[in-house]
Every structure is written in C-alpha cells, then in structure tokens.
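Peer 1: A single structure is presented below for examination.
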Amino acid sequence: MSKRVQPAWQAPKPAERPKLRLYNSLTRQKEDFVPLDGNNVTWYSCGPTVYDASHMGHARSYISFDILRRILADYFGYNIHYVMNITDIDDKIIKRARQNHLFEEYAGESANLPLDQLLGHQKEVLVRFQETCAKNTDPDKKVMLDKTLQRMNDAVVALTTAVSQGDEKGIAEKRQHYLNEAKDPIAEWLDGKKGAEINDNAVFESLPRFWEDQFHNDMKSLNILPPDVLTRVSEYVPQIVAFIQKIIDNGLAYAANNSVYFDVNGFDRKEKHHYAKLVPEAYGDTKSLQEGEGDLSVAEDRLSEKRSANDFALWKASKAGEPWWDSPWGRGRPGWHIECSAMASDIFGSTFDIHTGGVDLKFPHHDNELAQSEAAFNESEWVKYFLHTGHLTIAGCKMSKSLKNFVTIQEALKKHSATQLRLAFLLHSWKDTLDYSENTMEMATQYEKFLNEFFLNVKDLTRHVLSEEPRRQFDAWTDVEAALQKKFSSSQVQVHAALCDNVDTRSALDAIRELVSASNVYIRDNKSRLNSLLLRNVATYITDLLHVFGAIAGPRGGIGFPVSGGAGPQAAGGDLETTVLPYVQTLAEFRNLVREQAKALKAFDILKLCDDLRDNILPNLGVRLEDKDGGKFAVKLVDRDSLLREREAKLAAEAEKAAEKERKKQAVAAAAAAKDAQRRVNPKQMFLGETEKYSAFDENGLPTLDKEGKEISKGQVKKLQKLQQQQEQRYKEYLASIKEA
C-alpha cells in the first residue's frame with residue numbers, strides 16, 4: 001500500500017452506557033424508559049384537593065415530582081409537557097366549606113346568645129360528638145377525639161365557673177375559649193342541623209380558591225416549577241360529562257337515581273381489560289372503595305343504588321346543601337376518580353407517558369382512573385409508566401390530617417430553608433418512606449454546610465488568581481492534579497449511573513460527597529500551588545447538578561449556593577457576590593493592616609474592635625471574615641441567617657463548655673467536702689445511722705443483727721471491721737489536724 005494514501009482507520013467501540021430505568025408501579029419493577037413520541041414526554045401529576053393548608057405530606061409528593069421532572073428535562077434532555085390538576089369539587093371541600101360558613105355565623109351570633117341557650121346548645125353538641133366518638137374504631141383517632149372531648153368539657157367547666165362567680169370579663173373570655181376548643185364538634189352539629197339549607201355556590205367556591213392560592217405560594221416557596229398546564233375540575237365539568245357518556249356508550253357504566261356508576265365487574269370480564277392493575281390484591285376491598293367515594297356519598301341509599309359493592313360513582317346526584325351542575329342524568333357533580341381521567345385525556349388523548357401521585361392513592365383512586373379511562377377509549381393501556389412517591393412519617397409516626405398529626409409547609413419553612421428540605425428529600429429514595437424528623441433534617445443541614453464550605457473555599461482560593469494573575473489558573477499539571485481529575489471523572493460516571501437507576505439521587509449525592517472530600521484533601525495538601533481551574537471545574541459541576549436537582553435557583557454557571565441562602569425565586573436575582581465582594585474585600589484588607597499595626601503596638605483595645613467587626617458586625621451583614629496564619633485572611637459571603645445561627649451555636653457551645661467546667665469544679669469541691677465530712681465521723685458511730693440495714697450494734701458500734709433480726713455472718717462482720725478500721729485511721733488524722741490548728 002502506498003504511503004501517500006491514508007491508512008485504514010479503526011473505529012472505537014462504543015462503551016456500554018446505562019439507560020434510564022424507572023420503577024413502574026404497573027409492573028412493580030424498574031423498566032427502561034421509552035417515551036411514546038421520541039424525546040417528547042407527556043406527564044400528568046395528581047394535584048391537591050384544596051380545602052386546607054398544604055402539609056409535609058404534600059411536600060413529599062410535589063418536591064419529589066419536581067426533582068424527577070427537572071432531572072428528566074435538564075439532565076436527560078427530554079421535552080416534558082407537564083400537566084397538574086386542582087381538585088376544587090369534592091365532598092371534603094363541600095363539607096368543610098359548609099361547616100366553616102355555619103360556624104362563622106354561629107360564632108358571630110354567640111356573643112348575643114343568652115348563656116343558658118349557649119349551654120343548651122353545648123349539651124346537644126356533646127351528645128352528637130359522643131356518638132361520633134363511640135362509632136369510631138380507629139385507636140389513634142379515638143385518642144384524638146377523646147382529647148378534643150376533654151378540652152371541650154374543660155372549657156365548659158371554666159365557663160360555668162365564671163358564670164357562678166359573676167365574673168363578666170371572665171365570662172366573655174371563657175365563652176370565646178369554649179368556641180375555640182369546641183369548633184370542630186360545633187361545626188359538625190351545625191352541619192347536621194342546617195347543612196342542607198346552604199344553597200349559595202359562593203360558599204363552595206371561596207374556600208378552594210383561597211387554599212389554591214396558598215398552595216401555589218407554598219410551591220413557589222419550595223422552588224417547585226409550576227405545571228405547563230393546570231386543570232381545575234370546576235372548569236372541566238362539560239368535558240367530564242362527555243367522558244362519562246363515552247363509558248356509558250361502551251356499556252361499562254349505568255345511571256341510577258340521577259347518579260352514574262362504573263360497572264367494575266363488567267369491565268373486568270372484558271378480555272382486554274383488567275381491574276385494579278396497580279393493586280390487584282385490593283379487588284373487592286369495599287372499605288377502601290367507600291373511603292374513595294367521599295364523606296357525603298356513603299349513605300345507605302347511595303350504596304343501595306349500585307349493582308355491586310365494587311362499583312364506584314362517576315357522577316353523584318347532589319342533595320340539598322351541595323353544589324350542582326346540569327347533566328343528562330340530573331343535577332349533580334363529578335365523582336373524584338373521573339375528574340383526573342377526563343382532564344388528563346382532554347390534554348393528552350387516549351394514552352400518555354407518565355402519571356405520578358402519592359403511594360396512598362394507588363387504590364382505589366389510580367386503579368379506578370385506569371379502569372374508567374381504558375373503558376372510555378376501549379384500550380388496554382392508558383398510562384405507560386405510573387410513578388408513586390413513598391409515604392411520609394413525622395418522627396416515626398404516621399402522618400394523618402384526620403388525626404391532626406401534620407406539619408404544614410409554612411411551619412416547616414420556619415425551621416428549615418427550602419434548600420435544606422429539598423436536600424432531605426434528595427438524600428432519600430423518592431419511592432420509599434421518608435421520615436421527617438430532627439435527625440433527617442440535621443443530616444440535610446450538615447450536607448448543605450459541607451458543600452457550602454467547599455464552595456466558599458474554592459471561591460476564596462481562586463478569586464485572586466482570576467482577578468490578578470489569570471495565567472496561574474493554568475499551573476503545571478502534576479500527579480496530584482491527575483489523581484483529582486480521575487476522581488472527578490469517575491464521580492461523574494457514578495452520578496450518571498445513579499440517576500439512570502430510577503433517579504437515585506441519594507447515591508448521586510454520596511458520589512458528590514466523596515468528590516468534595518477528595519477535593520478538600522487536595523486543597524489541604526497543596527496550599528502553596530493549587531490548580532484553580534480544576535477546582536472551579538469540580539465546584540461548577542456540583543453547583544450545576546444542584547441546579548438540576550432544584551436545590552439552587554437562578555441562572556446556572558456560577559459556584560455555590562446563592563448568598564440569599566435559599567432555593568426559592570428570591571435567589572435568582574442579580575449576582576450580589578460580584579457586586580458587593582470588592583467593597584467587602586477592601587474593608588477586610590484595611591482591617592488586616594490595622595490589626596497588624598495594633599499587634600505591633602500592643603493596642604489591645606483596637607484588636608478587640610477588629611475582633612468585634614469580624615465576630616458581630618460583619619455576620620449581621622452576611623459576611624464571614626476568617627483570620628488565617630501569616631497575616632492572611634479570607635472573605636466569604638454567606639447567608640446572614642446561616643451566619644447568625646453559626647454564631648449562636650458557637651456561643652451556646654462556649655457557654656456549655658464553661659458550664660461543664662463549672663460543674664466539674666463543683667463536683668470536685670463536693671467530693672472534697674464529702675471526704676472531709678467523712679473524716680469527722682467517729683468510727684463507733686459510722687454504722688449507727690444505717691437502720692435500713694441493721695437493727696442491733698455492739699459496744700464498738702459494729703452491727704450484730706440485720707434489719708430482720710438475723711445475726712450478721714462472720715464474713716460480713718470481718719468486712720465491717722475492716723471498714724471501721726479504715727475510718728478510725730481517717731478520724732485520727734482529722735483529730736490530729738485539729739490539734740495542729
């Protein structure tokens with residue numbers, strides 16, 4: 001072959017790279033993720049039923065969905081069309097809205113009610129509530145109801161006592177206290193008496209509107225991306241009616257007394273259909289099915305309308321005191337399960353890629369969604385991948401709204417930042433149970449601090465190189481840089497493999513922790529010559545990954561957490577660090593010169609002022625100033641609240657150290673005092689006070705009989721004699737010391 005012709009080229013063999021696999025509840029195993037339409041992903045997420053404050057159970061789902069969504073979009077590069085619903089028509093909403101309205105009216109009128117009438121009402125409330133307590137079989141809920149009953153009774157006793165004492169001011173206070181303590185039982189009693197009289201639709205609209213706004217505010221505070229499309233049930237009633245009609249036309253639903261029910265057994269008999277795909281073991285679980293029907297839809301007359309106890313409502317005939325919409329079957333409202341089916345199908349059609357929701361919704365809600373949707377389209381599959389987030393417990397205990405054992409999102413945000421909450425979720429599998437506890441949050445807080453210290457160090461160590469000597473960022477590449485680069489590359493491989501494996505963020509963060517630890521060792525061992533470009537590459541990669549995970553908001557490309565300290569949208573403002581740091585740096589340099597001069601002159605008052613600037617003034621401005629050996633220093637912009645917490649923790653640790661020192665000092669003094677007191681005891685009297693052990697003594701004070709009158713054994717007598725002899729020696733020393741004095 002002529003040398004003037006190019007030689008044959010050997011193509012590299014492609015390496016095996018992991019593919020994204022997701023745990024699919026429809027198969028109960030991890031499956032390769034293959035969208036229906038190339039790189040485009042259609043995704044429907046179950047949204048909230050808006051009748052109360054959002055709590056950490058909601059956060060468990062929506063933060064986890066947001067993490068999954070961001071990673072699929074920003075890491076794996078899928079084009080995601082994300083739809084979420086708002087359930088604003090529901091039995092819970094109807095009942096809560098009615099009860100709130102009636103209670104507010106009653107509370108406003110109660111100030112003018114004669115006391116005997118108020119107390120008469122109280123007796124009726126008590127009887128009804130006692131019936132509720134008696135019917136309840138859940139032990140945890142029974143405890144909660146009993147506590148409510150006790151508080152209500154205590155409030156009544158306090159009110160009647162104030163009346164008997166003629167205390168007018170006390171009566172007004174105790175009356176209000178009773179209303180506060182007995183709010184739920186009173187509202188339940190009022191609903192039973194007057195609920196059917198409520199016919200103003202505004203009552204049923206204002207409650208969900210208010211709580212929907214609060215929900216969106218909570219999601220924004222948690223740095224959760226808004227959906228691309230938001231569907232409200234109240235705006236989809238015509239589409240829901242049409243969807244139900246399709247199921248009837250396909251012979252799998254039937255009307256009864258102005259309601260419409262899904263024919264579960266008829267559906268399951270069809271060859272292409274399968275009821276309860278997610279939880280087949282639950283087929284026939286009428287208790288769960290009834291819970292899914294709603295509080296206002298399980299009366300005996302409603303249940304008797306069904307052909308089978310397995311059937312569930314697609315359309316509910318509205319009774320007096322319930323909102324209604326027109327339909328071919330009469331005035332009513334949609335059933336809970338049909339709402340999501342109709343809305344998702346209106347946006348996506350007969351099939352879509354991903355459906356997400358909490359694990360507690362698997363049966364009956366999601367199984368019913370699947371059944372009625374497949375019945376409407378006469379297809380065997382409506383959703384390809386069903387992803388369910390795990391339960392959330394509160395310090396190891398089951399969280400339950402009915403038990404009033406829940407932490408609202410706003411309450412959680414008062415204790416921890418949105419970043420810390422998200423890190424807590426990232427450090428756990430999205431599909432497993434997460435325990436929201438002090439230990440969990442401490443783990444997240446420490447991880448955040450660990451990363452933040454690394455980011456601050458990298459920025460401080462490389463800042464001067466970039467601004468003053470940019471050539472030094474390309475320092476010679478030695479074995480230590482090669483080793484860190486190798487660790488960096490292997491960590492990227494580990495992170496990718498973890499994210500491909502069912503979006504395992506916990507393992508990804510473990511790999512990041514190891515990479516940061518290796519980088520910290522590199523910094524420690526190579527202070528005289530650091531490759532700033534390599535360090536910044538590592539820090540930028542980790543920061544970018546945290547952006548992808550939603551733990552950092554704002555534009556990508558920087559290093560570290562935003563100076564505001566949060567993951568929320570406030571962090572997305574201008575580059576505060578670039579703007580402020582030059583001024584802070586100048587102040588720090590001036591302080592350093594003053595400090596060095598003060599040391600030379602032994603001007604301790606000036607040194608104290610320099611320390612005060614470092615320890616008290618700058619932290620209040622979000623600036624951490626660190627004095628280092630050799631007259632050097634480091635300036636770091638940190639979230640002000642974090643710095644103040646650090647300072648408080650440092651002061652608390654110092655106070656505890658001082659207290660421990662004082663405790664030890666007092667213990668030594670007490671031991672010395674006890675020893676001195678022991679020396680003063682006459683050996684003949686040392687056992688006489690131990691009457692709980694002995695009942696008789698000889699002329700030398702030695703015990704002869706135990707407390708039961710039995711003679712002391714010879715072996716025991718010898719031990720007591722030895723103790724007495726030792727005391728005799730101490731006593732002689734004491735007497736001698738007195739004579740010398």
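Positions of Cβ are set from backbone N, Cα and C atoms, glycine also.
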Peer 1: According to Swiss-Prot, motif ''HIGH' region' applies to one of these ranges: 4-14, 37-47, 48-58. Which one is it?
Peer 2: 48-58
Peer 1: With the ranges 303-307, 398-402, 688-692 to choose from, which does Swiss-Prot describe as motif ''KMSKS' region'?
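Peer 2: Among 303-307, 398-402, 688-692, the range Swiss-Prot annotates as motif ''KMSKS' region' is 398-402.
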Peer 1: Measuring Cα to Cα, how many Å separate Cys46 (Zn(2+) binding site) from Ser297 (phosphoserine)?
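Peer 2: Checking the Cα atoms of Cys46 (Zn(2+) binding site) and Ser297 (phosphoserine) gives a distance of 22 Å.
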Peer 1: For Cys340 (Zn(2+) binding site) and Ser297 (phosphoserine), determine the Cα separation and express it in whole Å.
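Peer 2: Rounded to the nearest whole number, the Cα-Cα distance is 19 Å.
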Peer 1: Fewest other C-beta atoms within 10 angstroms of its own C-beta: which of the binding-site residues Cys46, Cys340 fits that?
Peer 2: Cys46
Peer 1: Could you give me three numbers for the motif ''HIGH' region' (48-58), the DSSP helix, strand and coil residue counts?
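Peer 2: Summed by class, the stretch gives 3 helix, 2 strand, 6 coil.
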Peer 1: Let's check the environment of Glu369 (Zn(2+) binding site): how many other CB atoms sit within 10 Å of its CB?
Peer 2: 28
Peer 1: Please state whether DSSP places Cys340 (Zn(2+) binding site) in a helix, a strand or coil.
Peer 2: helix
Peer 1: With a radius of 8 angstroms around the mean position of the C-beta atoms of Cys46, Cys340, His365, Glu369, what other residues of the same chain does the Zn(2+) site pick up?
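Peer 2: Here the nearby residues are Trp336, His337, Glu339, Ser341, His355, Gly357, Leu361, His366, Asn368.
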Peer 1: How far is it from Ser297 (phosphoserine) to Glu369 (Zn(2+) binding site), counting Cα to Cα, in Å?
Peer 2: 18
